[in-house]
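The feature transmembrane segment is assigned by TrEMBL to 21-42, 153-177, 183-207, 228-251, 279-301, 353-384, 404-428, 510-531, 537-559.
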Amino acid sequence: MGCFDDPKEDPRYGKCGCTDLICLSIFSVFIAVMLCIFFDVWDPFNSVKLCVRQCPDRKLETFDDLKAFTKHTACSLCYDLAMSQYEKGVFYMDEKWQFVCPNFPVYQSVSVFRRCIPKSTRDISAKLIYSIHSYLNNIEFLQQLFTDFYKSWVTMAWLITLGVGISLCTILSFHYYAYIVSWTILIASSLAAIVFTIILWVTFVNIEHELDDTPREEQLDKMLRNEIAFLIYSILATIITIIIIIIAVFMRKKIKLMIDLFKTASKCFQTIPCLFSQPLWTCCALTIFLIFWISVMLSLATANRSSLIKTDHHHHHHHHSGKDLTTNKTFTHLPVMFPSFQFEDPTWVQSMWWYYVIAFIWICEFILAFQQMVIAGAVSRWYFTRHVDDLKSWPILNSFRKVLFFHIGSLAIGSFLITIFKLPRLLLTFIDNRMKKETPEWCRGCVKCCGICCWCCLHALEKFIRYMNHNAYTIVVWRRTNFCCSAKRAYDILSAHILEIAVLDKAGDCILFFGKCFVTIVVGIIGLLVMQNDPELYFYAGPLLVVCVFTYFIAHCFFSIYEMVIDTLFLCLCEDYYHKTDEDGLAFAKGSLEVKYF
């Protein structure tokens, strides 16, 4: 069972086998190279490690200083160098360098996680010193902010849990009250946005009046920070509220078109409730890959090549030579050219770094695409099954099996297309940040404008490719054709119904967006009312912002599944209408879908 088995005959579309074998092979080689780089992390034999009793407590600039430190502490900082050789000043050099010492100067160090870290900052670059001092200047505010997080973590956890509950209730209510819920979300989100904006402005005005009534010398820093934060929040909330109201007024006539599709999607969720669990598994997969990626990148950041350099360190002893009668080896007293140890940054490490940056984008997009194809496979199977009783048990697992064994190559090429357009955007952002100080002031605006235009064009192309990929995945998993053929088929279907798609896409996205806003705003209002009355909080705008961001992310995870199901259902509806795939020539459309749209 898989890509290398004989393709089986399908009654509708002929032979079904593995799709995009060439892309699968390229993707497999790419993964193999990643694993080869990863395996090198576990090779400890080519690294130099030296355990010492204590870290240097002073700066060692010469070998005499190193010898004095060793004699005083009985702690050798040289590798494979006996204590007696320190005392005699005798070093064997007959065949090869038998020892290595640290390159001078050796800085005064402190133990951090059982590693010696230089303590002095006098020899560090001025830029790093400035960054450290800038951080220290803001450390008090950061400490207060994290203290607020610690004091309010229980409240934050309850609010985020409340957001999960509201998201679930909103999604489940679509099944029973699709018409009422759609109108309720449209109206309630508009009212909630207005109320939330009013509360933010009232909070800002109260803080401002409190500052005006307080003498300047008695004003607390937290009051000033809260005033600025809530002024920004209020302005942003006002802009968002105006946009929401305009969209709500425009969408009031289009909402009826979405009701039947929402009902059909709700029936699909009722039959396949495991669809709600897909974001959880995707999040786990992304987390595991992120941990793996960070561990390899940290190893690459420290994967420098060790090298020995010969250094002439003068000693007060006279130079003479002789022979050790016990070992019959030639020795020499100091001064002597002896090896010291240093690291170099090889160019191959930089190549691996870029390789893993590309891999990060590609693999993350691949994991997200895997979720989309699994959902598309389960939903399309449900749609094209005449009777629910004929649906195979565990359709999610069945779809997962098909994607894993037959369509990895299609996922690889689809996710790589996203990477092609995403990577240049990241490079443009990086180049723009680097050129801000180097670009002359007279042309800085023109350069920034060109950069923004390129960034927006690439972003628009990425959004288009992402939308087409999702529809192509539906055709791939249902018709079992290669990615390019499926993408062409999906484009033909969608372009033939561009008006219906525009209405459905915007109407559906707006309803779901209003649902996300509704959940976030309700939790934000409750959080604001609770946190502003907590006297222990210094800067409660920080925890409130974190709660709102997490709540929106959670709501997005739930509602995005609904969005994927609706997009898949509409594509199946178009395919169903023009190609009656059942033997009796009847459409598979559930309920009155075909009448509503065609």
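Every residue gets a Cβ built from N, Cα and C, even glycine.
Those TrEMBL annotations? Automatic predictions, nothing curated.
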> Thinking of Cβ pairs under 8 Å, which stretch from 153-177, 183-207, 228-251, 353-384 has the most of them with the transmembrane segment (537-559)?
Replying inline: 153-177
>> Given a Cβ distance threshold of under 8 angstroms, which distant residues of the chain, six or more beyond its ends, lie next to the transmembrane segment (183-207)?
In response: 170, 223, 226-227, 230-231, 233-234, 237-238, 240-241, 244-245, 248, 251-252, 255, 511, 514-515, 517-518, 521-522, 524-525, 528-529, 532
> Of the listed stretches (228-251, 353-384, 510-531), which one yields the highest count of Cβ-Cβ distances below 8 Å with the transmembrane segment (153-177)?
Replying inline: 510-531
